[in-house]
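See below for the structure under consideration.
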């Protein structure tokens, strides 16, 4: 097992990475102070890992209940969030009840948001079971739900007590979900660590094959980078925005097609292709680096062409973005691997990028 720490003073927490961790009670025990635990999971993950988690928690002598949500990005909304509150209130959960998010990014984001809101804040633990949630969404305290007009527009910054990332859970992950997670790994290397990006290029096939050593290294390094960024800028005042490379275009794709048509990581992968193209058009990035970025995204079996939503529709969707100010779209663009720039772009350049990267 590897442990990475997120250094946030008195709200610091560990990220435990390894195989078989869901069944290890000693990883959960230090973070459960009250007499009850509510597991929040979904219809896909509960049959796979719910019993193992409940068995791990049993020796702790806590009252354990489970809320099972429908699976998919389309359910990341108020109605599903209320199912969590319904379960907590029915079970008479109190302020010391610990929520445990067992699932991917949707489960983690909604459980964290429920924890932030219920009785004005109860503790929660992240147990991410997808590659994307292990390398990205479970770390950093971003929680929330989607709105029909924009992704993740309703939420809170609320840190977990711990992240327990069991890479053994990745063996049951569908291929599309695995590729979606590799997209966030590529993003992390591209924005923050040129050497890690080199490693990803050399090992993308190993990641596609689910090689345990490659997955463990990718999760560890991605978490180290995200932890350092979050520690420096927890509430996305500046530096943390670089983690949204590929997300401005990507969120527009997700909202434009309807949540769940493309996986989040698929949209981010394509969004990175689009952001790379725009980076070259604005004279920030060299063409050879853009081609390297496109090649590794394609090698991860991610889409490299976006849907033809229309120029005006893309702009409208990108203006409904947490980085936008007074309706001005802000893009995270590459100068070189490991070096980014947050900037606006002329509409003409954006339209040229859309013409080149959509179909």
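Glycine is treated like the rest: Cβ placed from N, Cα and C.
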Of the candidates 217, 264, which does Swiss-Prot annotate as part of the Zn(2+) site that also includes 184, 247?
264
Please report the DSSP secondary structure of residue 151 (NAD(+) binding site), reduced to three states.
strand
Residues satisfying Cβ distance under 8 Å from residue 264 (Zn(2+) binding site), sequence separation of at least 6
73, 105, 132, 180, 250, 254
Cα-to-Cα gap, residue 75 (NAD(+) binding site) vs residue 247 (Zn(2+) binding site), nearest whole Å
20
Cβ distance under 8 Å to residue 151 (NAD(+) binding site), same chain, sequence separation 6 or more: which residues?
251, 254, 255, 259
